[in-house]
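For reference, the structure is listed below as structure tokens.
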Amino acid sequence: MTRLHYFQRIVVCFGVLLGLANHSSGYFYTDSSAEVSDERFCFCQLQGTIDDCSCNIDTVDYYNNVKIYPRLQSLLVKDFFRYYKVHLNKECPFWVDDSKCAMRFCHVEHCEEKDIPPGLKGDASSYHKYIKEVQTLTNCNEDLDVELGYLNTSISDKAHKEFQRWADYDEAQDNFCILDDHEPGAQYVDLLLNPERYTGYRGESARRIWSSIYLENCFQAHSVKKKNAYSAMIPYQDMARNEVCLEHRVFYRMISGLHSSINIHLCANYLLSEKGSFGFVAPTGVWGPNMEEFERRFSPHMTDNEGSHWLRNLYFAYLVELRALAKAAPYLRNEEYFTGLEKDDREVKTAVKDLLTVIEGFPAHFNETAMFSGGTSAIKLKHEFREKFMNISKIMDCVGCDKCRLWGKLQVQGMGTALKILFSGKFDDKIDTGLGTRVKQQPPSLRLKRGEIVALFNAFGRLSTSIHELEEFRQRMR
């Protein structure tokens, strides 16, 4: 796919608008039917600059579909990224959850112990196997005088637990989402065996989830009181007139972009039939793209002319997570991606470095430094931003479909990890001392948990896949 392809895409769209396209489809016999066809063809034909960013839709389309998407597809099937530890049995903290999805496609297949790579089974000491310092460590006891060198290192178990509690508390202050992979009840899930797709989960339970998520977007500074999910979705005109501050716009656009991405996945992997080609019930069902569902979720006449703006928010969320990966690239390059399978781990590390180099070469990254600047009020706003996103991660435990809950938790955690990278300050390579900017060395304690890294890459992979699938929907509409 080349830049010429995207230029041709625009030309064809304008050709339809001017009535120059082939009329044999039957949509163009009257002026009214032509208008229907124009709308049907072009509502997902996005162009121009992405709001609150400095790059164009076509730039992202080309860069993602040609350079990033293929690399992610080969990377995310590797063991380090396909096995995700998650707690799917936590109770909903906000309401009594009595709406469990009964459809067989809602079920999540957990991993058997024998399928989990050896390095992921809880042996913390094995993590250090590949570290050069450990491999070249010499015997330090050769010249040791035991009596002179004695040091009383006895610390009670109670003290150790208290130290860990302090460390966990300090670390949690930087998190934008709940991490529960360490809790009793968390299990490994093979993401390749549990793909994200339409499971039939819908109705009041699903509406209540999105209603709660969007109502979290009602910052106190927003003057309009919202009563339901769709009224809480800020109209584009309000955004365009800058009636909403940058931080609130970013929050809303990220959530809206995530929502759009999930909707695209559901439309691209829709349950077309529970029966196979011979009329018998298929164990796995028959899945594929559903054009009618895609139009229902995004076409102007079904969304009060907001659908194309929701699709643009997908690109915004993509750029935010792209920037987070670029910012954390120096750190991520030094990760071992350890599973205990040395050859595979080496291949993953090489592939990650290649992907990060491509990401760093993107010409117009999102500028996060424009946010949360302004003294005490900015600190308060960042705290509120973080707390609202934390609440959204809790809402994921209220999703009634297990497979939807799995992918919801993973993508929210990935987005939360991206926000942690961008706004915790621990990944900044420069700091302002008031006497001029100086380079900041990464502290030795700086570290993302394995679950955060897995969620970050997979969440970005979902956004990347959505942009790729959106292009496929455009081609089908032609």
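Glycine is treated like the rest: Cβ placed from N, Cα and C.
Pulled from TrEMBL, these are the features on record:
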ACT_SITE  Cys401  active site, nucleophile
ACT_SITE  Cys404  active site
BINDING   Arg197, Thr199, Trp210, Ser256, His259, Arg297  FAD binding site
DISULFID  Cys101-Cys106  disulfide bond
DISULFID  Cys401-Cys404  disulfide bond
SIGNAL    1-26  signal peptide
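Shown here: features listed in TrEMBL, placed on the structure.
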{"residue": "Cys106", "record": "disulfide bond", "Cβ neighbours (10 Å)": "18"}
{"residue": "Arg197", "record": "FAD binding site", "Cβ neighbours (10 Å)": "19"}
{"residue": "Thr199", "record": "FAD binding site", "Cβ neighbours (10 Å)": "20"}
{"residue": "Trp210", "record": "FAD binding site", "Cβ neighbours (10 Å)": "18"}
{"residue": "Ser256", "record": "FAD binding site", "Cβ neighbours (10 Å)": "24"}
{"residue": "His259", "record": "FAD binding site", "Cβ neighbours (10 Å)": "20"}
{"residue": "Arg297", "record": "FAD binding site", "Cβ neighbours (10 Å)": "19"}
{"residue": "Cys401", "record": "active site, nucleophile", "Cβ neighbours (10 Å)": "25"}
{"residue": "Cys404", "record": "active site", "Cβ neighbours (10 Å)": "24"}
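Checked against His259 (FAD binding site), the recorded positions Cys106, Cys401, Cys404 differ in C-alpha distance, with Cys404 being the nearest. Among the recorded positions Cys106, Ser256, Arg297, the ones whose Cα sits within 10 Å of the Cα of Cys401 (active site, nucleophile) are Cys106, in sequence order. Trp210 (FAD binding site) sits 18 Å from Cys106 (disulfide bond), counting Cα to Cα. The two recorded residues Cys404 (active site) and Arg297 (FAD binding site) have their Cα atoms spaced 18 Å from each other. Arg297 (FAD binding site) and Cys106 (disulfide bond) have their C-alpha atoms 21 Å apart, to the nearest angstrom. Cα separation, Cys106 (disulfide bond) to Thr199 (FAD binding site), rounded: 6 Å.
The record assigns Arg197, Thr199, Trp210, Ser256, His259, Arg297 to the FAD site; their largest pairwise CA distance measures 21 Å.
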